[in-house]
Amino acid sequence: MKLGWIEVAALAAASVVSAKDDLAYSPPFYPSPWADGQGEWAEVYKRAVDIVSQMTLTEKVNLTTGTGWQLERCVGQTGSVPRLNIPSLCLQDSPLGIRFSDYNSAFPAGVNVAATWDKTLAYLRGQAMGEEFSDKGIDVQLGPAAGPLGAHPDGGRNWEGFSPDPALTGVLFAETIKGIQDAGVIATAKHYIMNEQEHFRQQPEAAGYGFNVSDSLSSNVDDKTMHELYLWPFADAVRAGVGAVMCSYNQINNSYGCENSETLNKLLKAELGFQGFVMSDWTAHHSGVGAALAGLDMSMPGDVTFDSGTSFWGANLTVGVLNGTIPQWRVDDMAVRIMAAYYKVGRDTKYTPPNFSSWTRDEYGFAHNHVSEGAYERVNEFVDVQRDHADLIRRIGAQSTVLLKNKGALPLSRKEKLVALLGEDAGSNSWGANGCDDRGCDNGTLAMAWGSGTANFPYLVTPEQAIQNEVLQGRGNVFAVTDSWALDKIAAAARQASVSLVFVNSDSGEGYLSVDGNEGDRNNITLWKNGDNVVKTAANNCNNTVVIIHSVGPVLIDEWYDHPNVTGILWAGLPGQESGNSIADVLYGRVNPGAKSPFTWGKTRESYGSPLVKDANNGNGAPQSDFTQGVFIDYRHFDKFNETPIYEFGYGLSYTTFELSDLHVQPLNASRYTPTSGMTEAAKNFGEIGDASEYVYPEGLERIHEFIYPWINSTDLKASSDDSNYGWEDSKYIPEGATDGSAQPRLPASGGAGGNPGLYEDLFRVSVKVKNTGNVAGDEVPQLYVSLGGPNEPKVVLRKFERIHLAPSQEAVWTTTLTRRDLANWDVSAQDWTVTPYPKTIYVGNSSRKLPLQASLPKAQ
């Protein structure tokens, strides 16, 4: 059949992906599975089919394609279907609040949510964000993130996600999604998948940094590691009913993430049973037909490059369907998936047009900002959507603060005669809290890292402000030195202080911004802004020095953590707008710290393994990142190589003490696991496709410059394609089976949301007594780890946890269950999960290396 030039581009990446035999290869999987409305999607699927059946081809295409960068109010907007009262969908960053807006909250980052180990707080944060997005007229929140997972401790965007542990991430990822969608907004699980570093994630971005590479980095991963580590939290997201998944910039095994048929068609749609829609990351769309057949459902922001006025889809998708290159059922499936997600969250009952503009804070402006066209209208209504969310933000900030060391220094009493506040991180950014675009600097206290995963602060309470308020209420004295290079002034203040509170940080972010020479990823994992010298100077002059770390992840503290005058260390992460109040609540004992570290604190960067790829290592070809570490990242790596961390994964102190006892295991009457078999139904067409004359630009339409439309210029499809190569035969670019709409075999590991339903069947019930043995109320997090027993398996892997609040001397019984999935490994040969015959042992404790309770499990099927 025939297609336009734009569709041909990069088609080879959809099937045969490696020009060199020695490079990783992503096997093809076709056709793209069509939604079937399984499980809780049944009702909304029927509604979606009904409405899509009434649409014309161009109306369907309009749903799939963004209108172009900066051409509507949101960072991404689809076309609309006015005839059927379907509005343009507004898609907006970020995972921690509304980007490019005003009168919105700036929530703690995902890494802080991970540190709470609190499912309820994850849900409440998601719900609060969803409420704000909805109130601003946003239909799709571009978050939360579980990619990157955190294979590299210095990866630039780890903080947007949760933890390098897939189970901890998966649970909190799912709870966040539920919260967002219960508020009536479609959540987006991103960045799918293996988007583990910023260097080379986009070829044009790499070129801007002086690298001569032809393609984006390829994350090369084996099947077992993919399933047991990186895909794990996305299975939880699908099981939670997520409406959208965003495919990533990078390649996976040398096939781009947004046209990788293995990851989109096979893993996400066929195996995990994802019923929602896949959108591209912004300009991560590299081909027309190739991406469509490989499982992409929505192109964002619609144009090939920002403001190019050209699109892989839009009119080109219309041409592809009309000339038979793309089967009708594929574009119908795209539209059904989008509408099903829209109905699933009840967006049709909560819809309101966007009441803000991403591109200006002025009240009035052009409807189409970038080209200064359309009506000159009110584009910002300044709607305050914050509600009472500041209280929740403050609570999460405090409950995510990890107490790493306490030699009697904390909590403070307000009776300290003189408090010294030391370090730039205690103070404010002299340019203002939002003084750097997308937070692309490290000035003052760090409460949010940089990139598109940010939001504007409505205000930012600094540690200096909050702690000074505490001290003055106690009629004490406070000196602040917030110049981290003024070591003589820091020493002088520390010598006089009853307690020195030292604030230090380490920042990172997205690769399009470079901060102090850090191109998204961190150059190292040391403290920024002379932090180590600030700590040592204070500790050498004050015998009661407490260090507070605001960071995106682990930092090296080996130089000073065991200094005798360092009496306390706290990690406060990226706590958002209430930063100062949150840390003051912990320092002064209003909140008893109960957080646990969501990552390992190593003595050196080398102790983590998993180095970033920072140099072009494949000539001018795509840089290759080989994930040869397999499942051994973070604490799993430390355990395997007998590396002793400073503070282990799951570690965190309290102002009280706890005791765990009485571990009991009860086998449950579970059925035998049955691999899924049989066939799907055949693909269906919804509605009729007319001839080309029905899809030509309407007469009298006043076109907006660079706007992406679904209509074609002419009934002559070759002319509409503007392609000298129009007329290629299918065999040259269409992968085998890619257009086959007949019934397809079901995968053994498929069958329900998140995979085979048998994976989620409970095999054992486990109970443990938890007692507060101290004198103050506090929170403990019992953690259950499993040894899977095999010779090449991690020593232990986290599977269950719960944050429990207990009064002094109070005792509670924590009960949980272990599913088949919790005990299974991925069998590469069978392409299914299996509980191996190796002995299984469970361990319960309060960190990955403090596991006093253990029990062997009976053999399970």
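A Cβ is built for glycine as well, from the same backbone N, Cα and C atoms used for every other residue.
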If you check Swiss-Prot, which stretch out of 505-529, 605-629, 730-754 is marked region 'Disordered'?
-> 730-754
Measuring Cα to Cα, how many angstrom lie between ASN316 (N-linked glycosylation site) and ASN846 (N-linked glycosylation site)?
-> 56
Rounded distance in angstrom between the Cα atoms of ASN846 (N-linked glycosylation site) and ASN253 (N-linked glycosylation site) | 37
Could you check the glycosylation sites ASN62, ASN212, ASN253, ASN316, ASN543 and say which one's CB has the fewest neighbouring CB atoms inside 10 Å?
-> ASN212
Simplified to three states, DSSP reports ASN316 (N-linked glycosylation site) as helix
Looking only at the glycosylation sites ASN62, ASN212, ASN355, ASN669 (N-linked glycosylation site) has its closest CA neighbour at ASN62
Rounded to the nearest Å, what's the C-alpha distance separating ASN253 (N-linked glycosylation site) and ASN323 (N-linked glycosylation site)? Just drop the number here, would you?
-> 31
Can you tell which of the recorded positions ASN62, ASP281, ASN524, ASN565 lies nearest to ASN713 (N-linked glycosylation site) in space, using Cα positions?
-> ASN62
Here are some glycosylation sites: ASN323, ASN355, ASN565, ASN669, ASN846. Which one has the most Cβ atoms within 10 Å of its Cβ?
-> ASN846
Quick one: give me the count of other CB atoms within 10 A of the CB of ASN713 (N-linked glycosylation site).
-> 15
Which ones in the same chain are close to ASN524 (N-linked glycosylation site), with CB under 8 Å and 6+ residues apart in sequence?
-> ASP154, LEU556, ARG605
